[in-house]
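Asker: The domain 'Plastocyanin-like' annotation in TrEMBL covers 27-140, 155-304, 415-549. The annotation signal peptide is assigned in TrEMBL to 1-18.
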Amino acid sequence: MRSFFVLLAVFVASLVNAEVHFHEFVIQETPVKRLCKLHNSITVNGQFPGPTLEVRNGDSLVITIINKAQYNISIHWHGIRQLRNPWADGPEYITQCPIQPGGSYTYRFNIEEQEGTLWWHAHSRWLRATVYGALIIRPPLSSPNYPFPVLPKREITLLLGEWWDRNPMDVLNLAQFTGAAPNISDAYTINGQPGDLYRCSSQETLRFLVGSGEIVLLRVINSALNQELFFGVANHKLTVVAADASYTKPFSTNFIMLGPGQTTDVLLTADQPAAHYYMAAQAYNSANAAFDNTTTTAILKYKDAPCVTLQGKSQARAIPAQLPGFNDTATAAAFTAQMKSPSKVKVPLEIDDDLFFTVGLGLFNCPTSNTQRCQGPNGTRFTASINNVSFVFPRRNSIMQAYYQGTPAGVFTTDFPPTPPLTFDYTGNVSRGLWQPSRGTKAYKLKYKSKVQIILQDTSIVTTENHPMHLHGYDFYVVGTGVGNFNPNTDTASFNLLDPPQRNTIGTPPGGWVAIRFVADNPGVWLMHCHIDAHIFWGLAMVFLVENGEGHLQSVQSPPLDLPQC
């Protein structure tokens, strides 16, 4: 039966001049040496980062995951809409049970009306630290050119990541045991390499050759686990042309800022004197919290740039990149504010579900004094929540499977609150009595094609912070943002309902709010969460349950036969 569906997909693709791409991902332990030490890291096909997938708009993918590692795993195709197909979305215990050691599962999905830079990654605990890769969607063969002001001569994909000098799963387990914040990373990476500024890393620093006058398309992906990042290229202007696989109105900048999960496409013209220039990424840290204050580098090398010989070794003196300070929130916000769609878009104007979500950290009080397990502030344990609900991932079944089977009892409920249970000064001096949320596995129901607005309001509980919020199964329009508490009587007047940017991940300004809108036209169960992984395991997540519409084409597909069971 499975081979029949594969043959059918190939036949349908051939009719529309599209292609079916078959891949096999083997999840396995592989020795990886970084920062002078050899670690057994979880990889895909022995690669770190994993394979880059290159497809065209309209193509289909059939990717078999074979789990030879010692951990449960699932893979999320970040930003793919997965129309009517939550079974291919990937977050463990949300749309599927994880693939257990020794097991396998085949993800089958189509690329429908999407172009640009996306990525894929593990969606199981902290395996995303090393299990990730790029997913590039090019325009269809029928219209193969990019809608850019100038066309690039070459493309370079840059995956920004984080590296721990120990097993990331041990870092997570320790934090879960103690209740404290997890240890920060030891390095940032570009395509898996830390770069010149770290110990034992200069020889492997990546170098990208360009010719003078060439226009290069840089596809930049923030695949870091926990850190928002500034990125720039020394002495070169960048022209932003796309974000999260949606084209933008081009604008020029000296740097870009990306939260974990976000992608940004920029054009770079090699118009500087022939030399070696650092491409660099370092932290944007909006919270009052510890962070990795190091810088990862690669080198943009002009083909005719001279080298110098030092002590018998040929070395390039790279020109350093100048990036904003780690706490420069005003500059980060000004960059994000420049994002717009290239032309007028269809933003939902009449809203059916008007939701107000407070997002932020919290603390659980410990019932008894336990210094080992209560190492958060003042003998507490860190947590996080949306609308005072700290999300708990189920274990008996995935939410999508339980919903489809009609067996939600003991797995999830549908009473997620549309507004906070209590109104307070969200960004002010919040009473300590409001710092502790309740635990729950709650979904919010949306009718098919409901027009939805969500105000994501940051809080000052523990610390204000830019939380990169990712919505599975959807793109959305970012119609407004502001500082302080959202005021529905005055702030809506400033909404951009003409050409707002379309994203799949957006940051909540520290001590502020952001407004998004979308039409709930994709039935299924879809996770919304902070893409800082330290926060999702604390509970900064919730689930939308979008009901079926009328008929087969408005309903969730039947689950595949090899869907993993818990």
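Cβ atoms here come from the backbone N, Cα and C positions, even for glycine.
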Asker: Compute the average pLDDT of the predicted model within the domain 'Plastocyanin-like' (415-549).
Answerer: 98
Asker: Using DSSP, what is the helix/strand/coil residue split across the domain 'Plastocyanin-like' (155-304)?
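Answerer: Per-class counts: 14 helix, 73 strand, 63 coil.
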Asker: For the domain 'Plastocyanin-like' (27-140), what does DSSP give as the number of helix, strand and coil residues?
Answerer: 6 helix, 58 strand, 50 coil
Asker: Across the domain 'Plastocyanin-like' (415-549), what are the DSSP residue counts per state (helix, strand, coil)?
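Answerer: Counts, helix then strand then coil: 11 helix, 58 strand, 66 coil.
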